Amino acid sequence: MADTQTPNLQNTAEGDANTSAENERSLTVRANHQSQNTRSWLRYPFLVAGIALFLGPFSFFWPREGPIDSKDYVERTKRVLKTTPLIDGHNDLPWQLRIELHNRIYDGRVDLSKKLLGHTDIQRMRQGMVGGQFWSVYVDCDTQQQHFEDPSWVVRDTLEQIDVTRRFVNEHPEHLQYCDTPACAREAFKSGRISSMIGIEGGHQVGGSIGAIRQMFNLGARYITLTHNCDNAFGTSASTVAAGGADQGLFKLGYDAVKEMNRLGMMVDLSHVSHQTMRDVLGVTRAPVIFSHSGAYAVEPHLRHAPDDVLRLVKQNGGIVMAVFVNRFLNMKNPDQATIHDVVDHILHIAEVCGWECVGIGSDFSGTPFVPVGLEDVSKFPDLIQLLMERGATDQQIRLLAGENILRVWGKIEQRAKELQAGGEKPIEAEYEGRNWHKGMKNSPWMLRRSRDEALVNGAADQPFMFNVDSEGKHNPVVKQV
């Protein structure tokens, strides 16, 4: 048999008794300890209060985030631009992509996230604390078209510019976000991205067509400059007047264009237009207007700027004038001597006449070879803000200037469009006088006798008409020898 040890029942009973006693003592100790802890916690607030009273006089030694010195313009600027998006109303980078790369952005020749020549790249936008950017999809107008009958290449090129803008924005999702609403622009800023919007720089880019305006809106454009440096079907440009031409203001189709843009929620941009065109638009628009890159005529009498009477109308309208950075607009006699101080002068004058609620920033970077000293590229926006602070601008005024104004104006334009559409307003059906509707007309049946007669009057008599309507309203085939 194996040698085993039988447990001692007496020892086991005594052990159980000892264990029970120890457990009781342990419970008593824990209960007393918990009671003491409870009393300690009850006394804790009074202890903290006592310590705070004792150390209060010495608290200035502790590091903490407090009010910034009003003359610490660098820190004030950082604080403002970290919480309010700085939105630039006009940048022509897409034009550079067109001219230099023929819109080929995938072949490795350019990386927009790294520093490039010129004024604009994402690296310097980040340095400049840019929070939003309206990209201009500009296409030039090189003739004063009198009949506006050959716009096909301009409209085509505009479509290509919208395309390349959307593509380069999509290529950098960590930095850029395409937006077509002010709500999107705010959300992009909160997420750390630069909101990217599209503006069309000239009514010639829609070929004088209100239908094309609607389609550009559907493609994502959110403002149209009524004219660029040439007259178009909508109105007179500042360049025409500067060259000695008559200021005829807004043309008949221009009134319809403004009305339709109001209905759509497309911002009407009055940069580049003549002074009378500015006044005419402000007299008929049903929504706020913008000047995406202009200045104050009273500061520098260039026709690209808004006179004081127009600034007062903009105030009544609830619109915005975004200050431009182009040398020759800032100092006509000595463009090379233009500086950042000239831009500040324009901003402060606009604010004085129109109010801080209607001033913004519209640089025109990458659209001009010559910019003022101190504003050499997109990294320099904070320097402008600091100088404005030095000249007396408050943080709240800077917030309005930087981005709150354009977002508010844009929001009002959106709201007005919703009201007009909810009221049953239909899309405008209008065209410029002299429009030829019968180029390349196909052999096709006519719905109305009137249409056939109009075609004959308009010089389409050599076209075959497949059907006619007789006096009894019956459709009879008409075979015309050709």
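Note: Cβ is positioned from N, Cα and C throughout, glycine not excepted.
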* Say Swiss-Prot lists His90, Asp92 as binding Zn(2+) 1: which of Glu174, Glu187, Glu201 is in the same site, per that record? -> Glu201
* Structure fact -> Per Swiss-Prot: Zn(2+) 2 is bound by Glu201, His293, and from His272, His275, His305 the site also lists His272
* Disulfide-linked residue for Cys141, taking Swiss-Prot as the record, within Cys184, Cys230, Cys354 -> Cys230
* Largest tally of Cβ atoms lying within 10 Å of a Cβ, found at which of the binding-site residues Asp92, Glu201 -> Glu201
* Taking the Cβ of His90 (Zn(2+) 1 binding site) as the centre, how many other Cβ atoms fall within a 10 Å radius? -> 29
* Asked: Counting only other Cβ atoms and using a 10 Å cut-off, which of the binding-site residues His272, His293 scores lowest?
  -> His272
* Structure fact -> Of the binding-site residues His90, Asp92, Glu201, the one whose Cα sits nearest to the Cα of His293 (Zn(2+) 2 binding site) is His90
* Structure fact -> Rounded to a whole number of Å, the separation of the Cα atoms of His272 (Zn(2+) 2 binding site) and Glu201 (Zn(2+) 1 binding site) comes to 9
